[in-house]
Protein chains: 6
Amino acid sequence: MFSHIENGKVRMVDVSEKDVVLRIARAEGFIKLKKETIEAIKKGEVEKGNVIATAVIAGTLAVKKTSELIPMCHPIPITSVKFDYEFEEDGIKMTCEVKAFAKTGVEMEALTGVSVALLTVWDMVKSMEKDERGNYPETAIKNVRVVEKVKVPDF
Amino acid sequence: MFSHIENGKVRMVDVSEKDVVLRIARAEGFIKLKKETIEAIKKGEVEKGNVIATAVIAGTLAVKKTSELIPMCHPIPITSVKFDYEFEEDGIKMTCEVKAFAKTGVEMEALTGVSVALLTVWDMVKSMEKDERGNYPETAIKNVRVVEKVKVPDF
Amino acid sequence: MFSHIENGKVRMVDVSEKDVVLRIARAEGFIKLKKETIEAIKKGEVEKGNVIATAVIAGTLAVKKTSELIPMCHPIPITSVKFDYEFEEDGIKMTCEVKAFAKTGVEMEALTGVSVALLTVWDMVKSMEKDERGNYPETAIKNVRVVEKVKVPDF
Amino acid sequence: MFSHIENGKVRMVDVSEKDVVLRIARAEGFIKLKKETIEAIKKGEVEKGNVIATAVIAGTLAVKKTSELIPMCHPIPITSVKFDYEFEEDGIKMTCEVKAFAKTGVEMEALTGVSVALLTVWDMVKSMEKDERGNYPETAIKNVRVVEKVKVPDF
Amino acid sequence: MFSHIENGKVRMVDVSEKDVVLRIARAEGFIKLKKETIEAIKKGEVEKGNVIATAVIAGTLAVKKTSELIPMCHPIPITSVKFDYEFEEDGIKMTCEVKAFAKTGVEMEALTGVSVALLTVWDMVKSMEKDERGNYPETAIKNVRVVEKVKVPDF
Amino acid sequence: MFSHIENGKVRMVDVSEKDVVLRIARAEGFIKLKKETIEAIKKGEVEKGNVIATAVIAGTLAVKKTSELIPMCHPIPITSVKFDYEFEEDGIKMTCEVKAFAKTGVEMEALTGVSVALLTVWDMVKSMEKDERGNYPETAIKNVRVVEKVKVPDF
C-alpha cells in the first residue's frame with residue numbers, strides 16, 4: 001500500500017499555462033433539522049439571531065478562504081458569490097454559486113461555501129437540536145455536491 | 001416572517017460563567033467516490049499525492065480555525081485532534097475527535113474538521129471523479145454528523 | 001526625534017505574571033449616513049441585504065481577530081461579544097461589549113469590533129452614499145471610543 | 001420593519017463584467033490624544049516602541065485583509081499601499097492611499113487600512129492615555145472618511 | 001543612527017506600472033537532524049506521522065500566506081508550488097519552486113515556503129531531537145537561500 | 001520505505017493531561033547581508049523604511065500564528081514576545097523569546113518568530129542585495145536554532 005507514488009509527494013497542479021476564462025460553479029447541500037427548529041428559523045425566533053443571514057455571510061467569507069483551507073487549491077480572484085436557500089419539510093437546502101475569471105475552476109470554492117454555511121446553520125440552532133445529553137441524534141449535513149460547473153470561454 | 005426577534009440581532013452566547021472542563025466531541029462524515037478512485041487512493045497512485053495525509057492535515061488546521069469560520073463560535077484552546085478513516089465500497093468514511101478544556105463544547109470543531117478533510121479528499125481526486133464536461137455526477141459528501149459528545153467534569 | 005528609545009525596538013508587554021480575572025470592555029462608534037440611507041436600512045430595502053446583521057457578524061469575527069490585526073495585542077480567549085445599535089437622525093451608533101477571563105484588558109477587542117462593524121455598514125450602503133463621481137462627501141466614521149472598562153477580580 | 005427585502009439575503013455584488021482598470025482611493029482619519037502622549041511619540045519615548053512604524057505596518061497588513069474582514073468585499077490584488085501622518089495639536093491624522101488594477105474600487109481597503117493604523121496607535125500608547133481606573137476619558141478615533149477615489153481607465 | 005529616512009515611514013513598493021509576466025523562483029534550505037531521526041523519517045517510523053507530506057503541505061499553504069506574513073509583500077496569484085527534498089547524511093534539504101503571472105517576483109514566496117516546510121519537519125520530530133532537558137543541541141535550520149529567480153517576459 | 005506506520009496518519013500529540021506551567025523558549029537565527037546593506041540599515045537609509053521595526057513586528061505577529069502555520073502545533077495563549085538583534089560584520093543576528101502558561105512548550109513559536117523576522121529583513125533590503133540578474137548570490141538565512149527552553153513549574 002502507498003508504494004507506487006512516493007508518499008511524501010503532494011503537489012499543487014501547475015495551472016500557469018491555462019487560459020483565464022470566466023468560471024462558474026454551483027454547489028448545494030442539505031441540513032436535516034427538527035420540524036420545530038425549521039419553524040423557529042422561519043418565524044425568526046431563534047435565540048442566537050438571524051440564522052440564514054449568518055449562514056450566508058459565513059459561507060461567503062469561506063468561499064474567499066478556500067485556498068487557505070484546501071491545501072492544494074490555487075488563490076482565485078472571486079468576482080461573485082450568491083447563496084440561495086429553500087425550506088424543505090425536514091431541513092434546509094442551501095445553494096452557493098461562485099464566479100471568477102481564473103485559470104482553474106471554482107467548484108471547490110462553491111463546495112466550501114455551502115459546507116461552511118450549513119455548519120453555521122447547525123451552530124446557530126444547537127440549543128434546539130440537542131437532546132438532554134447534549135448530543136444531536138437527528139441533525140446531519142447531507143448530500144453536498146456540485147450541481148453545475150461551466151467555463152465561459154467567449155465571455 | 002422574521003418578526004419576533006429583531007433581525008439585525010445576532011449574538012454569541014455568553015459562556016463567561018460556565019465551568020472549564022474537559023470536552024470531547026467526535027464527528028464523522030462520508031465522501032462517495034468511484035471505485036477506481038478508491039483503488040487509486042489505496043494504492044497511492046493519485047497524481048496530486050497522498051490523499052489521506054493531505055485531508056487529515058487540512059482537517060486538523062480547520063479544527064483550529066473553527067471560531068474564525070463559524071461566526072458565533074468561541075475561540076477554544078484545542079489540546080487534541082485525531083482523525084480516523086475507513087475505506088468502504090463506495091467511498092471513504094472519516095472521523096474527527098477533538099478535545100479541549102473549555103467553557104463550551106467542541107462539536108462544531110469536530111464537524112468543521114471532518115467537513116474540511118472530506119472537501120480536501122474531493123480536491124485531491126478531482127481529475128479522477130470528473131466526467132468529460134468537468135462535472136461530478138457521482139461525488140458527494142454525505143451524512144456529516146456528531147457521533148458523540150461528552151463533558152468530563154471530574155477530570 | 002526618535003532618539004531616546006531605540007527605533008527598531010517594538011515590544012509586547014509581558015503579562016505573564018498578571019492575574020486571570022474577568023475583563024469587560026464596551027466601545028462605541030458612530031457612522032454618519034444620509035437620511036435616505038438610514039430609511040432604507042430601517043425598511044430593509046438595501047440592495048446588498050441585511051445591513052445590521054452583516055455588520056454585527058463582521059464585528060464579532062473582528063473581535064476574535066484583534067491579536068492578528070493589532071501587532072502588540074495578546075491572544076485572548078473571548079467568552080462573550082454583544083453588539084447594540086441605535087438609529088439616530090443622521091447616522092447609526094453601534095456599541096460592542098466584550099468579555100474574557102484574561103491577564104489583560106479587552107478594550108482593543110471592543111474597539112476593533114465596533115470599527116469593523118461600522119466599516120461593514122459603510123460597505124453595505126456604498127451605492128446609496130456615493131455621489132455621481134463615486135466619492136462619499138458625507139459619510140464618515142466618528143467618535144470611536146471606550147465607554148467603559150472593568151475588571152471583576154472577585155468573580 | 002425589514003419586510004421588503006427578504007432578511008436572510010445578503011449578497012456580494014457581481015462584478016464579473018466590470019472592466020479591470022487602475023483604481024486609487026485615499027482615506028484619512030484622526031486619533032485624539034493627550035499632549036504628553038503626542039510629545040512622547042514625537043520624541044520616541046513610548047515604552048512599547050515605535051508607534052508610527054507599528055501603525056503603518058498594521059495598517060498595510062489590514063489593507064491586504066480587507067476582503068476577509070468586510071464580508072461582501074471582493075479580493076483585490078493590491079499593487080500599492082502608502083501611509084502618511086501628521087502631528088496636530090491634539091492628535092495624529094493618518095492617511096492611507098491604496099492602488100490596484102481591479103474590477104471594483106479600493107475605498108474599503110483604504111478605510112480599513114486607516115482604521116487599523118489608528119487602532120494600533122491607540123494600543124501602543126494605552127498606558128499613557130489611561131486614567132487611574134483604566135479608562136480612556138479623552139482618547140477617540142474621529143472622522144474616518146474617503147478623501148478621494150479615482151478610476152484611471154486610460155492607464 | 002536612523003536619521004536620514006524618517007523612522008515611522010515604512011512603505012510597500014508601488015508595482016502598479018510593472019508588467020504582468022511569468023515569474024519563477026526557487027529557494028532551498030537545510031535542516032540538520034540526528035542520524036536516527038533521518039532513519040526514522042525514511043522508514044516512516046515517526047510517531048506523529050508522515051513528516052515529508054506534512055512539511056510539503058505546510059510549506060504550500062505558507063507560500064499562499066506570504067503577503068500576510070511579510071508586511072510589505074504584495075498579494076500574488078500563485079499558479080504553481082512544487083517542493084522537492086533530498087536526504088543527506090546529517091539532515092534534509094528541501095527545495096520550493098513557485099510560479100505566478102505577476103507584477104513582481106516570487107522569491108519571498110519560495111523562501112517562506114521552504115522556511116515553513118523546514119520548521120514543520122522540526123515540529124514533527126521534536127521528541128526524537130530533544131535532549132533530556134527538552135533542548136535541541138544539534139537541530140538547526142541552515143542556509144535558506146534563493147537558488148534561482150527568472151522572469152519569462154515572452155511567455 | 002514508509003511501511004511501518006500507516007502513511008495517511010498524521011496526528012497532533014494529545015496534551016490534554018499535561019500541566020499548565022510557565023513555558024519560556026528562546027530561538028535565534030542569522031541573516032547574511034552585504035556590508036553596504038548593513039550600513040544602510042544602521043543609518044536608516046533603506047528605501048522601504050525601518051527594517052528592524054518591520055522585522056520585529058512581522059516576527060511578533062508570526063509567533064501568534066504558529067499553530068496556523070505548523071499543522072500539528074497546539075494553539076497557545078502567548079503572554080510575552082521579545083525580540084533582540086545584533087549587527088555582526090556580515091549580517092544580523094536576531095533572537096526571539098516567547099512566554100506562555102501552557103500545556104506544551106513554545107519553542108516552535110520562538111523559531112517561527114525568528115524565521116519570519118529574518119525573512120522580513122530580506123524583503124526589506126531586496127533591492128540592495130540583488131545582483132543585476134535579480135538574484136541573491138550572497139544573501140542567506142543561517143543557523144536558526146533553539147538557544148534555550150525552560151519550564152517553570154513552581155511559578
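The backbone N, Cα and C atoms fix where each Cβ goes, glycine too.
Because the structure is a prediction, the values reported are computed rather than measured.
As given in TrEMBL:
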DOMAIN    C:12-150  domain 'Molybdopterin cofactor biosynthesis C (MoaC)'
BINDING   C:Met72, C:Cys73, C:His74, C:Met108, C:Glu109  substrate binding site
ACT_SITE  C:Asp123  active site
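Per-residue confidence over the domain 'Molybdopterin cofactor biosynthesis C (MoaC)' (C:12-150) averages 97 (mean pLDDT, predicted model). Proximity of C:Met72 (substrate binding site) to non-local residues of its own chain (separation of 6 or more, Cβ distance below 8 Å) is seen for C:Val10, C:Arg11, C:Met12, C:Val13, given in sequence order. The two recorded residues, C:Asp123 (active site) and C:Glu109 (substrate binding site), show a Cα separation of 21 Å. Every protein chain considered, the tally of other Cβ atoms within 10 Å of the Cβ of C:Glu109 (substrate binding site) stands at 29. Cβ neighbours of C:Met108 (substrate binding site) (same chain, under 8 Å, six or more residues apart in sequence): C:Thr66, C:Ile70, C:Cys73. In sequence order there is nothing to list, since none of the binding-site residues C:Met72, C:His74, C:Glu109 has a CB under 8 Å from a CB of chain B. Neighbours of C:His74 (substrate binding site), defined as other CB atoms within 10 A of its CB across all chains, total 23. In sequence order, the binding-site residues near chain F, meaning those of C:Met72, C:His74, C:Met108, C:Glu109 whose CB lies under 8 Å from a CB of that chain, are C:Met72, C:His74. Cβ-based neighbour count (10 Å, all protein chains) for the residue listed as 'active site' stands at 23.
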